[in-house]
Amino acid sequence: MLLRISVLFLLLGSCGALFGKRQKCEQITIPLCKGIGYNMTSFPNSYGHEKQEEAGLEVHQFYPLVEVGCFQHLKFFLCTMYTPICQENYDKPILPCMELCVEARSKCSPIMAKYGFRWPETLSCEALPKMSDQMSTGNICAAPPDTPKKQHKGHHHKNQNQNQNQNHNYSPDGPEVGISKIDNEVIAGPSECQCTCNQPFQFVASEKSKVGNVTNCAYSCHSPALAESHSLVSNWMAFWSITCCVLASFTFLTFLIETDRFQYPERPIFMLAFCQLMVAVGFMIRYFVGHEEIACDSMRIKGADDNSGSLCFVVFLLTYFFGMAASVWWVILSLTWVLSAASKWSPEAISSFSFHFHVVGWCLPAIQTVLVIVFNAIDGDPITGICYVGNTDLQFQRIFVLFPLLVYFIVGVLFLVIGFCNLWSIRNEVQKQHPSLESAHKITQLMSKIGIFSLLYTIPSLLIICVLFYEQNHRSLWEQSQLCSCSPKQTIGDSSLIISLIKTCCMCILGWTSGFWVCSTKTLSSWKNAICCLGSSRSLPKYQPADILYAKSDMSSSQFYNTSLRHNHLYGGIPDKL
């Protein structure tokens, strides 16, 4: 008897707790739903979301539709669906009225249909309470004051048939959510081929943004096929950019320490090293700042129609301008070798054109950069996060990247071959006339050095050009396979990752080649003297006068002048060749 009474009290207490439970209101934190006329909501919502973070991810997929402005109360309707109104004195969440849903559907469905989308099943209107039934059912609903209270029968019948067609294709696993996940079957019929923006791309409001021939479409911030490779890409970028920065800095500082040692035709190597140093800095900024901060605009990649942020522009300027400048200086280097070997120009004669070399070396890439900015061709890379040219637009890549690099490469290699052939003929001539002289050995050594340097530079440059040609041929096919229902599906995950890794490596490894040129015992001596002079430059003069003993009869002879020069003592840090 006592046990029965205890069970009875336990059941009564449980029922009381159940009926006395009220929903808990919480402040709205979803950015899209702030400042829309109410600020309190309750969870879980009708979609089963337990937290606002979950609901926010789904409702923000409709943001492009809100930006289009097809319906003035669309934001209110979406927010009341995903973050229903919560009132402390009302036990149920307040959903939007069916009339509001129908009005939103009637005004926004035509725009969605224009791009091959249907009104999503998750926003079905038939399950929502009607404004006219609030008094009879007691189910309160939300709607702006100007919402039509009656529907046209023909319009209602049309929407009902449309939803029945949607239910025919409805998956039992649950409705797909968001514009990017709506069933993309062409409304005109399955037999008609039509290209529309769908995953893995993002629908955007701007008609200037397009992927292939599909407008209002953009690449996602991150390539969805490489979700597990972001750390690999970042670590790969860090390794090559940091090592390139170190080696290019070493080369350029060596040139500054002993400028007179490096004359034309080899001096352009150090301009090339400086350019590669700046390219490496651009990659390092991307690595330390992050992918999203550099190349992304919310959930999508920055496109050509966007106003690129300051960091994105800085990364573009460092990687594109100085990358193209390095290619121009490569052509100038090959030209100076031709002038030296084929035309027998002296270093002084070549140096007289130094100003012209600098004008071409810096103005030509500057003109290219200005044209890129004028045509708004800067965009982000969804794989590496680098702001460059042609990451999402093949036409811009072809005009501003592939064509200039191909021209610079062909001209540079042509000059290089001409100079190399002339050096070879000079070497053979010297060997025939003076086989015992050391000059032939020095020419052979110089040819070997030039040959190794040329291979170290031309191979990465050729790889970049080949990769760009591959992208020109295959990226458009992949885009078409994702956008068009009648195209055979293609995967690009592994190949796009390999392409990005090759481009990053080749753009940075060019800085290694300049380090090869200065690797010698003379360079070590120059650094040793420079380091020693840093500590002694303030305390010791560069020259120390010597006591010269001479006879009066020697003052008028030429031997006196030569003898006095030999008794002057030069300290470290002053080059032997003045």
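A Cβ is built for glycine as well, from the same backbone N, Cα and C atoms used for every other residue.
Of the listed cysteines Cys70, Cys79, Cys86, Cys97, Swiss-Prot assigns the disulfide bond with Cys25 to Cys86. Lys24 and Thr259 carry different topological domain names in Swiss-Prot and therefore face opposite sides of the membrane. Between Asn213, Asn562, the residue that has N-linked glycosylation site written against it in Swiss-Prot is Asn213.
Distances between the Cα of Cys97 (disulfide bond) and those of the disulfide-bonded residues Cys33, Cys70, Cys79, Cys86, Cys108 are shortest for Cys79. Between the transmembrane segment (355-375) and the stretches 269-289, 313-333, 450-470, it is 313-333 that has the most C-beta pairs under 8 angstroms. Under DSSP, the residues of the topological domain 'Cytoplasmic' (258-268) split into helix, strand and coil as follows: 4 helix, 0 strand, 7 coil. For the topological domain 'Cytoplasmic' (334-354), the DSSP counts in helix, strand and coil order read 14 helix, 0 strand, 7 coil. Sequence-distant contacts of the topological domain 'Cytoplasmic' (334-354) (same chain, six or more residues past either end, CB-CB distance under 8 Å): 263-268, 411-416, 418-420, 422-423, 426, 450. Rounded to a whole value, the Cα-Cα separation of Cys33 (disulfide bond) and Cys86 (disulfide bond) is 14 Å.
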